[in-house]
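Engineer: Annotations per Swiss-Prot:
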- Tyr8, Trp39, Lys43, Gly49, Gln50, Leu51, Gln63, Ser64: glutathione binding site (BINDING)
- 2-79: domain 'GST N-terminal' (DOMAIN)
- 81-206: domain 'GST C-terminal' (DOMAIN)
Amino acid sequence: MVHYKLVYFPLRARAEIARQIFAYAGQDYSEENLSFEQWPARKNNTPFGQLPILEVDGKPLGQSYAIARYLAREFGIAGQNDTEAAEVDAIADQFKDYLNDVSPYLTVLAGFKPGDKDQLRTDVFVPAFKKNFEFFENILASNHSGFFVGNSLTWVDLLISQHVQDILDKDLAVVEEFKKVLAHRKKVQSIDRIQKYIANRPDYPF
């Protein structure tokens, strides 16, 4: 039997997609959460000098999206065929571009760097959010299933619904115009195993 071990910090952030895939699949795994003080001593022993990593029977896999794609394939939520898998990947890659665009704001919001978060919200976050979530709103409108791709949940549904929840917790105004995105978040987080996972997960700051 395969043993999975997820290594990250005590945060949701980039490891949360893997955790939610495990929860959806009902798959047992272990987790090691490093403190920021422990991290420098472990950094050189990771594939790319960053976290998260997923150890699969002791073999480390780096990069959060690679981990998500691997687990999604293992547990049947990567898309029902190659075309769907490519569509899922395209949406995930667009979402990753969006996160890169808004990272200056999110980094200040989380307290990792100093900065004027109100100005960054106005100049950086809101324009990028509205641009990209209009794309996502239109994709949901054209698919008709309530999911981003096909007729069933894929890993990109978990990825984006969690981010929407994070934004709802901090900034309702920016997301409230995207009705299908909000309905999608509710649909995904109402899935029994995801709902139970969210109700019982640690209360990390982000």
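Placed from the backbone N, Cα and C atoms, the Cβ positions cover glycine too.
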Engineer: Over all pairs in Tyr8, Trp39, Lys43, Gly49, Gln50, Leu51, Gln63, Ser64, the listed glutathione binding residues, work out the largest Cα-Cα distance in Å.
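Structural biologist: Output for glutathione binders Tyr8, Trp39, Lys43, Gly49, Gln50, Leu51, Gln63, Ser64: max Cα distance 17 Å.
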Engineer: Taking the Cβ of each of the binding-site residues and counting other Cβ atoms inside 10 Å, which one has the highest number: Gln50, Gln63, Ser64?
Structural biologist: Ser64
Engineer: Ten-angstrom check, please: count other Cβ atoms within 10 Å of the Cβ of Tyr8 (glutathione binding site), all chains counted.
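Structural biologist: Excluding its own Cβ, Tyr8 (glutathione binding site) sees 21 Cβ atoms within 10 Å.
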Engineer: Of all the binding-site residues given, Lys43, Gly49, Leu51, which residue's CB has the most CB neighbours within 10 A?
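Structural biologist: Answer returned by the neighbour count: Leu51.
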